[in-house]
Amino acid sequence: MKNESTTIDVPAESSSAMKGKAPLIGVARDHTTSGSGGYNRGLSIFDFLLRLAAIVAALAAAATMGTSDETLPFFTQFLQFEASYDDLPTFQFFVIAMALVGGYLVLSLPISVVTILRPLATAPRLLLLVLDTAVLALNTAAASSAAAISYLAHSGNQNTNWLPICQQFGDFCQKSSGAVVSAFISVVFFTILVVISGVALKRH
């Protein structure tokens, strides 16, 4: 008697079916990556717009303080009454510092554009975070010191016999105070920029 053998064919999963399953994982991964990239790109666009606004605020502060000179319409034979920002070292520092802040913001625009084109890149965002933090400190120092001098110009100090001058030099005080306000607006913009960079890096 011949031995009869039975062969059972187990259908193997075709290679085409295996290939059909593989992209599913890739698609899900790409979807997650694209979602994160889209969120970061939105932050980068907002970052760019904030930098434009901060440029206007910083340069306006420097220009306003730099053009705040005022000469009183009356004078004597030997004296001419004039108030100028360069009479006070603090206001001189303010003009220089805010000009530097505005210049940095202009130079940072190309880096901000890179973060828009490459929203998942870490290096440009980290560079902006470090530089923004340093320039924020400079901006805050300039605005705070100028605010103290502006307060003295408005109110004076009886303990040191510093008399207020804003009753005589109204235009000078008005322009210098406006420059200080503009500088603090720039501080707010910088603070938001630092927060944006931190959030974008955290999502990486």
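Each Cβ is built from the backbone N, Cα and C atoms, and glycine gets one as well.
Membrane topology of Glu70 relative to Leu201, as recorded in Swiss-Prot: opposite sides.
Long-range contacts of the transmembrane segment (43-63) within the same chain: residues 94-95, 98-99, 101-102, 105-106, 108-109, 112-113, 115-116, 119, 128, 139, 143, 179-180, 182-183, 185-186, 189-190, 192-193, 196-197, 199-200, each at least 6 residues beyond the stretch ends and with a Cβ under 8 Å from a Cβ of the stretch.
Sorting each residue of the topological domain 'Cytoplasmic' (114-125) by its DSSP state yields 7 helix, 0 strand, 5 coil. Within the same chain, residues 47, 58, 61, 65, 90-91, 93-94, 97-98, 100-101, 104-105, 108, 111-112, 115, 176, 179-180, 183-184, 186-187, 190-191, 193-194, 197-198, 201 sit at least 6 positions outside the transmembrane segment (126-146) and bring their C-beta atoms closer than 8 Å to a C-beta of that stretch.
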